[in-house]
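Peer 1: According to TrEMBL, the protein carries these features:
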- 12-282: domain 'F-BAR' (DOMAIN)
- 172-193: region 'Disordered' (REGION)
- 297-381: region 'Disordered' (REGION)
- 337-351: compositional bias 'Polar residues' (COMPBIAS)
- 380-439: domain 'SH3' (DOMAIN)
Amino acid sequence: MSGSYDECAGADDTMDSFWEVGNYKRAVKRFDDGHRLCNDLMGCLQERAKIEKAYGDQLTGWSKRWRQLIEKGPQYGSVERAWLAVMTEAEKVSELHQDVKNNLTNEDVEKVKNWQKEAYHKQMIGGFKEAKEAEEGFKKAQKPWAKKLKEMEAARKTYHMACKEEKLAAAREANGKTEASVTPDQQKKLHEKVDKCKQDVQKAKEKYEKSLEELNKCTPQYMECMEQVFDQCQQHEVKRLTFLKEALLDIKRHLNLTENQSYATIYRELERTILGANTQEDLKWFSNNHGPGMHMNWPAFEEYNPDQASAPPKKKKPDGAPPTPSTDHVAPPGDRSSVSSYDKNQAYSTEWSDDEQPTAFSGNENGGNGNSFEDDSSTGKGVRVRALYDYDGQEQDELTFKAGDELTKTEDEDEQGWCRGRMDNGREGLYPANYVEPI
């Protein structure tokens with residue numbers, strides 16, 4: 001037992017003790033609270049899952065938008081690849097957060113729901129079977145003691161009333177002795193009244209003491225029965241608390257991405273890509289493609305040839321395969337900055353309800369011409385063409401496509417046989433004119 005009845009009775013009379021009649025209801029209510037807490041936990045997890053999904057979607061949208069800007073922009077070489085690796089990191093982290101969302105909803109919420117269904121059984125008339133059984137158990141254990149308690153309280157009330165009557169009778173007798181108007185006969189009657197009240201007090205006291213003794217005799221049995229029912233409630237609560245602890249550990253495992261090997265791999269790959277950026281190689285590439293390292297067909301004396309067309313003939317491979325364009329094409333320095341038609345300030349929305357929006361950088365740093373990734377001169381107009389052959393871009397400013405792919409020609413063929421075009425995915429670049437035909 002948790003303590004004797006005497007210990008409980010010796011406490012403050014105003015204490016709302018478990019042993020008082022009807023105070024077991026708080027233990028019964030714990031069944032209803034346990035069921036409600038399961039619902040609260042599921043609601044909590046579902047709300048967190050929405051946050052994870054919104055964050056993942058926001059990362060994906062951010063990555064897609066900036067990948068397009070970077071690919072169209074003037075950055076080149078290994079540093080461009082390192083920058084794009086940050087976008088790859090965002091895409092992979094987004095996938096992990098989508099996994100967190102799926103784990104929370106498909107595993108954790110379902111686990112709580114299934115446990116709740118097994119632990120709490122609803123009744124047709126309302127409430128839960130477990131709570132009803134506990135209620136009936138407490139009532140049965142408390143009923144005999146409650147009956148004795150009621151008898152004791154009635155005896156106590158009778159005793160206290162008798163004591164009060166005795167005091168009043170004694171006071172009237174004392175007053176009668178001092179008043180001359182009270183006759184000896186009246187004084188005799190007052191004295192007899194006092195004697196009778198004393199007898200009533202003694203009888204009431206004996207009955208009160210007897211009822212209290214009987215109550216104390218059945219108190220140990222009452223406490224034992226009540227504790228047995230309470231222990232059954234405790235056993236159910238042990239199962240709930242143990243399950244809740246295990247469920248929270250599972251939730252922690254799903255939320256803690258640092259324990260996910262894929263998460264660590266993402267940042268190892270990102271660091272490796274960034275460290276792989278080679279300044280000298282990038283400078284050499286730019287020199288060879290946009291600087292002194294470029295090939296130049298210096299002017300030379302040419303004899304007049306009446307059979308030569310105004311444009312140089314396309315070269316053919318000996319086996320009749322698609323013509324191979326010259327590798328001496330040159331994209332004038334600075335042209336790449338005019339490639340992008342992506343509007344950086346376009347409407348950008350996600351499920352995320354945060355008021356923060358991506359920072360819109362001003363064009364002051366570029367002489368008022370806006371971000372170097374963008375160019376207002378690109379209107380999206382052009383001629384639709386279809387690829388006749390596969391082409392694998394040899395340089396970063398060249399397009400890659402397969403035979404049958406469609407794209408938009410944005411600039412006509414130059415003197416070296418190259419056109420500028422835009423793929424349907426938004427990427428722009430150069431391609432050999434004789435690899436396509438108008439649609």
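Easy rule for this one: first residue shown is 1, then count along the chain.
Each Cβ is built from the backbone N, Cα and C atoms, and glycine gets one as well.
Note that the coordinates shown come from a computational prediction; the quantities given were computed from them, not determined experimentally.
Help me see these features in their spatial surroundings.
Peer 2: In the region 'Disordered' (172-193), helix, strand and coil residues by DSSP number 17 helix, 0 strand, 5 coil.
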Peer 1: Average pLDDT across the domain 'F-BAR' (12-282)?
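Peer 2: Taking every residue of the domain 'F-BAR' (12-282) together, the mean pLDDT is 94.
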Peer 1: DSSP-wise, what's the residue breakdown of the domain 'SH3' (380-439) into helix, strand and coil?
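Peer 2: Counting residues by DSSP class gives 3 helix, 28 strand, 29 coil.
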